[in-house]
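Below you'll find the structure, written out as structure tokens, and then a few comments.
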Amino acid sequence: MMSKLGVLLTICLLLFPLTAVQLDGDQPADLPELRAQDFAPERSPWFDPVRRCCSQDCRVCIPCCPY
């Protein structure tokens, strides 16, 4: 009886962390199309070097300046 309980406890302890924690590969990329292009906002024509953000078109240039 005790050995069955030990086996059950071991199985539960081994399986729980594997299903409870997301792996890095499961995390969605926030902007995969920009990462694939090796995007640097400093090279964007809308990048404001003084404010260190983009003044136009937030879909293309990130970080966006607050209005």
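Heads up, the Cβ atoms here are built off N, Cα and C, so glycines get one too.
For Cys53-Cys65, Cys54-Cys61, Cys58-Cys64, the entry in Swiss-Prot reads disulfide bond. Annotation comment: Swiss-Prot describes Pro63 as 4-hydroxyproline. The signal peptide annotation in Swiss-Prot covers 1-20 and rests on sequence analysis.
Distance noted between the C-alpha atoms of Cys53 (disulfide bond) and Cys61 (disulfide bond) is 8 Å.
Under the DSSP three-state reduction, Cys65 (disulfide bond) is assigned to coil, being neither helix nor strand. The DSSP secondary structure for Cys54 (disulfide bond) is strand.
Here the Cβ of Cys54 (disulfide bond) has 19 other Cβ atoms within 10 Å, regardless of which shown protein chain they belong to.
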